[in-house]
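*Asks:* Not my notes, these are from Swiss-Prot:
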- 336: active site (ACT_SITE)
- 335, 339, 345: Zn(2+) binding site (BINDING)
- 310-390: disulfide bond (DISULFID)
- 350-374: disulfide bond (DISULFID)
- 352-357: disulfide bond (DISULFID)
- 406-435: disulfide bond (DISULFID)
- 417-430: disulfide bond (DISULFID)
- 419-425: disulfide bond (DISULFID)
- 429-452: disulfide bond (DISULFID)
- 461-481: disulfide bond (DISULFID)
- 492-504: disulfide bond (DISULFID)
- 511-561: disulfide bond (DISULFID)
- 539-549: disulfide bond (DISULFID)
- 592-603: disulfide bond (DISULFID)
- 1-20: signal peptide (SIGNAL)
């Protein structure tokens, strides 16, 4: 295992406090000058690692000493991370640059539980940290032969444009009210397991041609800007139990892939279409964000599709590079990703313990890295209703770019367990110093692990949840509780359906999930709309073209429901969302006739359904 090297660096405050200076972040009115010094100094001739796995910095802020703890942002880049740019003649150039020894860190201030930090140590220290609710920035002073840095509050940066920037999302495209009103106790075991699971967003960032020109046609400068931004986004989403990993970066260095418009909604649609028809075919990812140098109409700084995550067309957002300070642009991008993850704008009653929250409709001068109570509830409601699967895909152990580090709570190649540092570990089965099982221990975690030993073969580790499920049993040879379920095709729900992959999908339940408790399945005549081959009715898509159902397959296309609420007189309701046109289709495995179930838009023999 790699031994984590802790380096203490003192930042001695220079006995001068500046009144005004022009920095990368802009014109700063009030700042402190500090000089990083390593303590203790390395012995003469010792080899200095380029970027340590963990570091500490001591310095003073407003005359008070603070200690900044930093850890390298492991998993910031995926193993298959790639970068694409274009030659002057339009030739695509894709590389897989080595990013193992990167220089991007997360951290916190000692004795401040609510503090955060996002720092680049590539050329000096650049980034932000929060201290007692205030946001501070640090960046190197560009002085010859000097290690001087400036530390200053964001509020001391002169604002170039006093007009507030806003997100362009102006309305709800979906309603999660039926879910919001449900209590946690009403969740199915499947929904509860989904909520508890850690989520991963595999992100591709794209910089347009205007960005390339804005940063002097310098690929390295644009790349560094994007790295700084994603490092902040990663910090923001940690508190939501979501890990954001950069899997790809694309820079349009010869021309834009489409004509960008100042109308943000038009540009978003064009970008989303390009992503689906081009980018997804050559780079697997969950979400794409465009960073553009164009000025959108009015105060709009960005736009994203609400609830579009995992959708080939709608898992996308666009953000204007509207501020020199990268972490403000990062907050805007995190905001648009929040929309993709099902979160709408905060209302006046929403709180996060700060002056502003990530999902505020207007980008505040008070930078915030916190999601509000409303955002958390909306995100949970979205997850319960849609259960998007792409964000459950955990990176393989070999996908972690950096060598394994014992003590980071992530079980990597060569580790049996990882319970944190020796000071924080509370796991009696795991040796925190080596991340190996203690002598005599067979396991450290898992539903079939009890007091460091495998539970006996045949021990029930998870009860059956319904008639299509089976009680899961331990094998006596593993800590894992393997999921088992009844064979596909077994009748269920009083012969109204057939078991399919452990569930009993029937149309009535699907209508209730979409329209509420008063919903029921429409008359057969409504399903004839599936013969038309448009968004009102179809059975499948081929190259984004809706294919009409054959007459025998009409019960395997769009689901038609009747809502018996007094205000609803339509006997043929469909659920349509511009963020996901396929939502509201009859689910695979649903009974479509006696002895038959839906499979790929066809009504087939129940034993052939897959």
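Cβ from N, Cα, C; glycine included.
Owing to the predicted nature of the structure, the values given are computational and were not obtained by experimental measurement.
Each of the listed features needs to be described in terms of its position in the shown structure.
*Replies:* A helical conformation is recorded for residue 336 (active site) in the three-state DSSP classification.
In the shown protein chains, 25 other C-beta atoms lie within 10 A of the C-beta of residue 339 (Zn(2+) binding site).
Counting only same-chain residues six or more apart in sequence, the Cβ atoms lying under 8 angstroms from the Cβ of residue 310 (disulfide bond) belong to 286, 388, 389, 390, 391.
Neighbours of residue 374 (disulfide bond), defined as other CB atoms within 10 A of its CB across all chains, total 19.
Residue 352 (disulfide bond) has a Cβ environment of 21 other Cβ atoms inside 10 Å.
In the structure as shown, the Cβ atom of residue 406 (disulfide bond) sits within 10 Å of 24 other Cβ atoms. DSSP assigns residue 406 (disulfide bond) to coil in the three-state reduction, placing it in neither a helix nor a strand.
Take the CB of residue 417 (disulfide bond) and look out to 10 A: across all protein chains shown you find 22 other CB atoms.
Around residue 425 (disulfide bond), taking its Cβ as the centre, 18 other Cβ atoms fall within 10 Å, counting all chains.
Residue 452 (disulfide bond) falls within neither a helix nor a strand when secondary structure is assigned with DSSP, and so counts as coil. Taking Cβ-Cβ distances under 8 Å and a sequence separation of 6 or more, the neighbours of residue 452 (disulfide bond) in its chain are 428, 429, 437, 438, 440, 441, 442, 443, 444.
Residues within less than 8 Å, Cβ to Cβ, of residue 481 (disulfide bond) and separated from it by at least 6 positions along the same chain comprise 446, 447, 448, 461, 462, 472, 474.
A strand conformation is recorded for residue 492 (disulfide bond) in the three-state DSSP classification. Sequence-distant neighbours of residue 492 (disulfide bond): residues of the same chain at least 6 apart with a C-beta under 8 Å from its C-beta are 466, 467, 468, 498, 499, 504.
According to its DSSP assignment, residue 561 (disulfide bond) is in a strand. Sequence-distant neighbours of residue 561 (disulfide bond): residues of the same chain at least 6 apart with a C-beta under 8 Å from its C-beta are 510, 511, 514, 515, 519, 520, 521, 522, 573, 574, 575.
In the three-state DSSP assignment, the secondary structure recorded for residue 549 (disulfide bond) is coil. A C-beta separation below 8 Å, combined with a sequence spacing of at least six in one chain, links residue 549 (disulfide bond) to 530, 531, 537, 538, 539, 556, 557, 601.
Just so you know, the Cβ of residue 603 (disulfide bond) picks up 24 other Cβ atoms within 10 Å once every protein chain is counted.
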*Asks:* For residue 511 (disulfide bond), name the DSSP secondary structure in the helix/strand/coil scheme.
*Replies:* helix
*Asks:* Counting across all protein chains present, how many other Cβ atoms fall within 10 Å of the Cβ of residue 390 (disulfide bond)?
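*Replies:* Within a 10 Å radius of the Cβ of residue 390 (disulfide bond) lie 17 other Cβ atoms.
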*Asks:* Applying a 10 Å Cβ distance cut-off over all chains shown, what neighbour count does residue 350 (disulfide bond) have?
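*Replies:* Here the count is 18.
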*Asks:* Around residue 419 (disulfide bond), how many other CB atoms lie within 10 A of its CB?
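*Replies:* Other Cβ atoms within 10 Å of residue 419 (disulfide bond): 21.
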*Asks:* Which one is it, among the recorded positions 335, 406, 417, 425, 603, that lies nearest to residue 350 (disulfide bond) by Cα separation?
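*Replies:* For residue 350 (disulfide bond), the spatially nearest of the recorded positions is 335.
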